[in-house]
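The domain 'Palmitoyltransferase DHHC' annotation in TrEMBL covers 245-375. Taken from TrEMBL, the feature region 'Disordered' covers 206-244. Residues annotated as transmembrane segment in TrEMBL: 15-35, 107-126, 135-153, 165-184, 292-312, 344-363.
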Amino acid sequence: MNLKSSSLMVRKQNAWPLASFIIYLALWPTEWFLIQQTHKCLPFVLFLHRWITCKSVQPETCERIMDTISDRLRIPWLRGAKKVNISILPPLFLLPVFLRVASWHFLLGVVVLTSLPVLALWYYYLTHRRKEQTLFFLSLGLFSLGYMYYVFLQEVVPKGRVRPTQLALLTCGLFLILLALYRAKKNPGYLRKSVSNDRSLNGSQIESLNRKGFPGADPSGSLNNRTSKDEPKGSWAPSGSPAKAREDWCAKCQLVRPARAWHCRICGICVRRMDHHCVWINSCVGESNHQAFILALSIFLLTSVYGITLTLDTICRDRSIFTALFYCPGVYADNSSALCFTCVWYSVIITAGLAYIFLIQLINISYNVTEREVQQALRQKTGRRLLCGLIVDTGQYNRGFLRNWHQFSTLGSHPFHHPAEDIV
């Protein structure tokens with residue numbers, strides 16, 4: 001009996017290394033996969049560890065995490081999975097949640113509606129500091145339009161105070177906003193490097209311009225001290241001097257810019273008569289889309305004010321619109337009315353911000369200045385300032401109120417066909 005048991009144990013001991021080796025071979029692919037995934041998730045693990053222990057997190061770690069998530073986030077498509085920009089997702093999930101929470105109580109509404117602009121400005125500061133393109137604000141704007149319209153259809157229209165003609169008018173306004181935004185998203189007037197640029201400047205001249213730069217330029221190819229004293233107001237005034245070529249040369253785009261053109265660091269390209277880079281459309285506002293941008297703002301303001309008026313007239317009856325904004329008794333007694341009232345205040349905040357942008361645009365057009373030229377004049381303390389800097393007149397392109405608006409109305413009607421050899 002002892003001999004049998006001892007021989008059996010010897011066989012088991014001899015078989016154990018072989019079994020271990022077989023198990024190792026079977027588990028090796030799984031082990032390799034886990035090691036690889038752990039390596040990829042290491043930044044996220046370190047982020048959680050530092051966050052739990054209340055330690056500071058490096059910005060590079062956050063960027064690596066966002067890049068990894070963005071790379072893994074894909075949706076199936078006919079010709080392969082499409083990568084989804086992660087910046088479009090937060091508004092889709094957070095906006096309905098925040099507005100629902102804000103509708104629970106008056107104080108919650110004050111906290112949430114005060115925090116939303118602060119968070120948006122904080123995110124704008126982060127992306128603007130890194131000169132990055134983001135779809136967050138475009139997603140927030142489009143989803144806000146869609147969600148406000150959805151709440152209007154689901155909560156306001158069933159109450160029976162909105163007539164079919166009013167609903168049709170509001171719907172038409174929404175579609176006109178989308179059409180104007182689509183037009184504003186098109187080419188703002190990008191300057192492309194053409195063959196004429198290659199003919200006008202040879203390789204040695206281009207290398208000299210890139211190496212020496214030009215007065216008032218920064219490494220990004222932007223111009224800080226660009227002046228046009230010798231140019232007629234509102235014209236391009238070709239010049240053949242080497243100094244003028246250095247002033248108008250963009251080292252990033254490798255081309256000669258016409259007057260009032262500017263290199264956008266976010267888009268990475270020069271834009272004709274650039275006004276500013278608008279995060280709400282994720283594009284520059286320039287010569288070719290400035291009119292559509294103003295049209296989109298004006299239609300949005302009219303439609304938003306009309307929708308706010310219809311909603312307040314429904315949930316706060318027998319009160320003026322201004323009074324109903326601040327005093328609407330019993331609005332939080334009903335969940336539906338509370339949500340509508342919260343959405344009204346959210347729309348008021350957005351409308352007020354865009355109304356300020358619209359006012360600034362009207363002033364700049366009236367004085368024939370772009371927002372970039374205004375900011376440059378404020379930094380250099382040049383030009384004429386009125387109303388504490390709200391109005392800035394550089395005097396460089398100002399031809400009078402009517403002529404300025406006439407010039408704006410014809411923007412983009414005369415495409416840029418001036419060859420580079422005429423400018424250099």
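Using N, Cα and C of the backbone, Cβ positions are placed for all residues, glycine too.
The stretches the transmembrane segment (344-363) and the transmembrane segment (107-126) are in mutual contact, each linked to the other by at least three Cβ pairs under 8 Å (pairs 6 or more apart in sequence). Among 107-126, 135-153, 165-184, 165-184 has the largest number of CB pairs under 8 A with the transmembrane segment (292-312). Residues 98-99, 101, 134, 136-137, 140, 279, 342, 345-346, 349, 353 of the same chain sit 6 or more residues outside the transmembrane segment (107-126) yet have a Cβ under 8 Å from a Cβ within it.
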